[in-house]
Amino acid sequence: MNDHQKSLILSSSSQFPPPQGVKLSYGTSGFRADASILQSTVFRVGILAALRSLKTQSVIGLMITASHNQVSDNGIKVGDPSGGMLTQDWEPFADSIANAPTPQELLQLVEEFVAKEGIRFDGSRPAKVLLGRDTRPSGDSLLEAAKQGISSIVGASAVDMGIVTTPQLHWMVRAKNKGLKAAELDYFEQLSSSYRCLLDLIPNGSKVEKAQNKLVVDGANGVGSEKLEGLKKSLDGLDIEIRNTGKEGVLNEGVGADFVQKEKVLPQGFGPKDVGIRCASLDGDADRLVYFTLPSENSSKIDLVDGDKILSLFAVFVKEQLSILTEGGQMVEDGYHARLGVIQTAYANGASTNYLRQLGLEIALTPTGVKYLHEKAAEYDVGIYFEANGHGTILFSDHFLSWLEAKNNELASRSKGSEQQKAALRLLAVSKLINQAVGDAFSGLLLVEAILIHKGWSICKWNGLYQDLPSRQLKVKVIDRTAVVTENAETIAVKPPGIQEAINAEIAKYPCGRCFIRPSGTEDVVRVYAEASTQEAADSLANSVAQIADQFLGSRSSSSV
Ligand code: 16G
Ligand code: MG
């Protein structure tokens, strides 16, 4: 690293002193905190993104968002060249530079890291970072900090993509690195044309009642509502009404996918007149999606159709199309058997896991956080992953897609218009519709809509695939949440010693009882999840285990979600 580069880092970082007395951590999906303390972190992540671009010789993404958190928070996360999350190997570097107390110490960490990673740092290679942000008011000034960080690396440039959803930015990074068109309109065009393609392949006779056509979307008062308006323009035939657009309400306050999923009541802007209508909620950066419907006008309690049910719907459809394709032993003839897998976390409702198992599907469990689910899903030809909270997608392997293309070409010449060829075309359309970089509420929503029309199902019919087991989530404020260490995809707490035995003794008291604790990756709390055969039993199990957490970890208090 030459002197010019060194002095550039020193002088620019002196403009962004880190906050005193705060330790920041990259966490489950990037840094998140009150926006007022994030300038220096975002500046430093700008440096990291430029280095990542130099190292990979690819375009890197930086998204400024705190997703479903309150509006005064903000955050930043890095998108790798594939469009997925930052490689986990670089997270410790992110943590250390975010917490370096002085410009000199920051420079030293950067120098050591550059040497260790063998990053060529002579300014002769370009680096490019795409920047996106959600609608938070703090986004503008944090964007400037990120730009300063990027431009403190010689040869690095920032491209501001403006206000975008998180999945849009990930999609753009992926498209750029594949040499494809990567503008917002290209994204809308890809989603709408593949959706139309699925509708063109709807079997004759499938039809949904007119009254069931309407979909009402809760935009969480965030970026999703504005962008969904844009997407709507390129879609015809889909009747979407968007509420909670941010013109009046506050981002994520009493609205959005996180609120709806956890509270199981109507979000603001919805009321008794919506009884029986198919509704969906996005979160603040539109990477989560849940559906719901109001069963009775006398209560605001909703029937929630969560990420587990979306996963189940997708799994049913994909499995069905794959089996049409294999009819007559075609795949066996080819000597190729597509491996379909579904990936869940411990939060998946036990009833969903049973249902998927009964379908004969291979099920894998990972820790919470998209980076873990995504990585696992990539091991399959078709890997479907979802968290109960509504974040997920379907990944198709390159190998499977080339096989499918070839199969489709062969069927087109041998039996054009056959059921088998239609199945191949449907799967190809799904692979284009559903975001391959990260979970995306828009592509998820369009795929749900297409499958419901395909099957002629109402939201009630879909919701009736299986009955959720009653569950309860609590959070416990403890002195040090890192004292909890889990194993087996967070289903067992191995530390502090003895805590799992105490939890097991509680679980044993409840029929169909299941319960686990884990330290949150986004908040300073320990989370408790309990499931049992009745709501009272699930509540009571969660409360008892929260007390156990108090006893073992030293309490600061516990509250519902
Ligand atoms: C983040 C994760 C989400 C996870 C949640 C858990 C991404 C993009 N988002 O929102 O997948 O479910 O954190 O939060 O990875 P917790 O650790 O606080 O429970
Ligand atoms: Mg989100």
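Cβ coordinates are placed from backbone N, Cα and C, and glycine is handled just like the others.
The 10 Å shell around the Cβ of Ser67 (active site, phosphoserine intermediate) contains 28 further Cβ atoms across the protein chains shown. Ser67 (active site, phosphoserine intermediate) falls within neither a helix nor a strand when secondary structure is assigned with DSSP, and so counts as coil. Taken from TrEMBL, the feature active site, phosphoserine intermediate applies to Ser67.
A sphere of 10 angstroms centred on the C-beta of Asp287 (Mg(2+) binding site) encloses 31 other C-beta atoms. If you look up TrEMBL, you'll see Ser67, Asp283, Asp285, Asp287 marked as Mg(2+) binding site.
Taken from TrEMBL, the feature substrate binding site covers Glu387, Ala388, Asn389, Arg518, Pro519, Ser520, Gly521, Thr522, Arg527. Neighbours of Pro519 (substrate binding site), defined as other CB atoms within 10 A of its CB across all chains, total 20.
Listed by sequence, the residues of this chain that lie at least six past the ends of the domain 'Alpha-D-phosphohexomutase alpha/beta/alpha' (57-90) yet keep a Cβ under 8 A from its Cβ atoms are 26, 29-36, 38, 41-42, 45-46, 48-50, 125, 127-134, 136-139, 142-143, 146, 150, 166, 169-177, 220, 250-253, 256-259, 283-285, 287-288, 370-371, 374, 436-438, 522. TrEMBL lists 57-90 (among others) with the feature domain 'Alpha-D-phosphohexomutase alpha/beta/alpha'.
Positions annotated as domain 'Alpha-D-phosphohexomutase alpha/beta/alpha' by TrEMBL: 125-177 (among others). For the domain 'Alpha-D-phosphohexomutase alpha/beta/alpha' (125-177), the mean pLDDT of the prediction comes to 97.
Sequence annotations record features per position, and here TrEMBL assigns domain 'Phosphoacetylglucosamine mutase AMG1' to 211-290 (among others).
What TrEMBL records for 306-457 (among others) is domain 'Phosphoacetylglucosamine mutase AMG1'.
Look at TrEMBL and you will find 485-547 tagged as domain 'Alpha-D-phosphohexomutase C-terminal'.
For the region 'Disordered' (1-21), DSSP puts the residue distribution at 11 helix, 0 strand, 10 coil. The region 'Disordered' annotation in TrEMBL covers 1-21.
Panel annotation: around the region 'Disordered' (1-21), residues 37, 39-41, 43-44, 47, 98-101, 103-104, 106-107, 110-111, 114, 121-123, 145, 148-149, 151-154 of the same chain, lying at least six beyond its termini, place a Cβ under 8 Å from a Cβ of the stretch. In the three-state DSSP scheme, Asp287 (Mg(2+) binding site) is classed as coil. Residues Ser67, Asp283, Asp285, Asp287 make up the record's Mg(2+) site, and a Cβ search at 8 Å around their centroid adds Thr65, His68, Asp134, Thr165, Thr166, Gly222, Ala257, Leu282, Gly284, Ala286, Arg288, His391, Ala441 from the same chain.
Distances between the Cα of Asn389 (substrate binding site) and those of the recorded positions Ser67, Asp283, Asp285 are shortest for Asp283. The Cβ neighbour count for Asp283 (Mg(2+) binding site), using a 10 Å radius over every protein chain in view, is 33. When the alpha carbons of Asp285 (Mg(2+) binding site) and Glu387 (substrate binding site) are compared, the span between them is 16 angstrom. Per Cα geometry, Ser67 is the residue among the recorded positions Ser67, Asp283, Asp287 nearest to Gly521 (substrate binding site).
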